[in-house]
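This report concerns only the one structure given below.
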């Protein structure tokens, strides 16, 4: 075998090689598939290749173009074992970088060995082993994307392509250097390194700092005073339930594949799609930006209060808040811009301060001081705990108002997920960090609730003289039992206690200023986290180009791809709201924005689980779709509890953004659960339809339209779309005739391209191309692959099929003619459309020019195919010279390659054709649609014009009905038809009964018909019987004299009908007419086509319709 010859060549050479010359070694076998031009491998570690050895040609001519034997320096002087040599004739592919060059060759660079090949199971083969790099996306941040060998490379026959002396395709020498440069660039990028955080530093710390806000120090004690220990714990539990469910949902999404930067936006958009993701991403980024102002103003107000206590205000309180807030946000911006590493260090410092403040408080609760007792602090006392166990709502507060005040403290759970792009392992870090943060902070809030409720009275005067005797009979409250009388506080005016002093935790703590430092730490850490989150989320949103005008903010800088422009924008938004300094109105909206994000994250998990897509398999298993749905409902309920008008406004904003993104239809495909659920529903409903017998009341036209390329026949496409859009089904069939092996890969690309073209032009149809040896077989294939039952085949007829120059190609007529027979055999109707100007515009303008610029083919060349254009070879028509030029991507002997010439002015005929091709796309002015319902085919000839006139573009056209009848029964027939149309509930403007259909046609029209059929006659009388029979067998489309005489009456009827059509319907916008039938096996294809030509010539656009003779109309309810 060839492999054995190569092996012998190598072993023989090894024995005769000189000392300065390395032994021959077999390189990768170069396999050139039918699609890719060739395959190659980069050099070894030294980047050099040798020359072809003269003794390495043992394979002889058989190996030429398929194998190359290359010698190269073997610095180690160690030979290669015989098992390393090619054993199966395939080419080995390295596990290095696989890419396709611009020339179509596949370049293979080996990053794991210093040889030209590596072994796969001991064989040299391009069939690659499983590798994670094959599954990366194009812009994989963690490694290079590799491209596995295609089926074509493994399966297609080998082409013979000349190789250079190094065994590579000629003209590809520069690719090695380019690839080496690309590798060097990758290495340099790797050297720079990016700052990544683990789950503690990246998620846990951030979430705890965000959840432990100022609420912990200045509002928690007041909530305990109002709601009591019991209800406050219930409030904390409710908030924790919502955040825990959301945390579980976040963990599920985060562990269902690699997570990039963008936090909540990324999670929602990749799960529910760009519509929900784009709307929530924008408001989530805005909410974080405004949250910066909220936290900074909280910090500034605390500072200003301290300045006011020492009488050190700069101007007045409001302006001082603005000044301090501005300076603070500038400082925070500087920390953020300095990089994530500095920001993380700042967060750790703030966490240390915050933890010290919390521990300081708890230490203070066990250190009782007599001086603090008049202010309500007595240490842990059972009497105080029991008194504070129940609620004592004052000033109109309720349980839900307390919940609304507390819940914003729990909205920091996405602080870690928001920087998902800066985490070392988001899939592991987000679940662990988020859930542990919720647990720790929840326990902390409960502990603070119990401790404050057990140590501090609700009311205290602060006066040492307000004492009482324990033996007092009226002593009922806890203060009295502890020796104090604070009953005066019931009248109001007390400044101490849980209900009156927001800074009571400073009183309790061991060192009061540390609580103030804790407040500063809580506000600044939350502000810093929001200042980092907003630009990160906004950058991810802008990168996806959901809102095209915002793409300028997608650019990143530095090794961490920092969104500096986003930082500046966030700074400007935060500064604007700081200068306003009135955040009481905007604060509820911000909380609702966060809640809307939580609701959609929960709904995403429910939706993905409901869709049951095989791709939904999170490694985090502790979630349930119904629990996630309950979490989404809870989030929506909490939105209205917190603030009903803010919830309403949030929903309106989300809905408006959703509608905008849906209208824009961004060109993205993220494999969302919405897409998966659509597939599920479509599949389920299709299966349901197969189990239900069709009913006439539910009849819808389902049309196979033989368009060829959809943009080659606009008039045909627009007319059928007019009566099927939102009503029925349209399938654009394209039969591509081939005489050798078809190129299915190219057809697949064309299918995707033209389907996008249909969607872009808002035509609701499916493009379905098939390869076949002729039109008839292609149409049969199409009828068999259509899932839903087809009710009609619609095609166009050329205006010039009957030119004498077409006689040599009329063997096609029999195949085209039998398409109608096949349709009727399968119980389908047939509709033929004719425009006098023609239908096919492909010879005027390349169909690809109608596609988007990035989908165009090579502008310098086009493929053309010679075909007969009646119903259309390749299902194409034309009214140009009969062998029309039809765009085709099929590389077959029928296709010629020609260079596009410079644009020439269109002829008058082509100008009219181009104008006619767009006539059904425009709104039709006032006129009539004339229906010549001569034969009852089930009502399809009547239903099509009705559906047309119901559309907006055709609503100004009225239906006129023409029927056949007897002269002495015209009034009776008109009344009977009017009654039938009334029962069908179809409006009409007039009914005409034609009693002269059977009148003989005019003589000159009969002579014109005779001239038309003259080239197609068999003329058996002018030849011997045997010769006539042989000619009829060879050309079955020929018209015999006997056949012509037998159908003379039917021929005259078609001629007469054309005269009547010209008389009555010459000004109609559209004519719909019953199509004549030809009995199978008795009427030749040429005679039948002459009938259709005679019937439809010199008329407005006409539809010849023949249903399957099953009712499509009913007057029963």
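Heads up, residue numbers simply count up from 1 along the chain you see.
The backbone N, Cα and C atoms fix where each Cβ goes, and this holds for glycine too.
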Per TrEMBL, the range holding transmembrane segment, considering 546-564, 622-640, 641-659: 622-640
Transmembrane segment according to TrEMBL, located in which of 150-171, 172-193, 348-369, 370-391: 348-369
Residues flagged as transmembrane segment in TrEMBL, choosing from 91-111, 112-132, 280-300: 280-300
Long-range environment of the transmembrane segment (593-610) - Cβ separation under 8 angstroms, sequence gap at least 6: 242-243, 245-246, 249-250, 252-253, 256, 264, 267-268, 271-272, 276, 280, 283-284, 286-287, 408, 411, 413-414, 616, 623, 625-626, 628-629, 631-632, 635-636, 638-639, 642, 647, 650-651, 654, 673-674, 676-677
PLDDT averaged over the residues of the domain 'Amino acid permease/ SLC12A' (202-704): 85
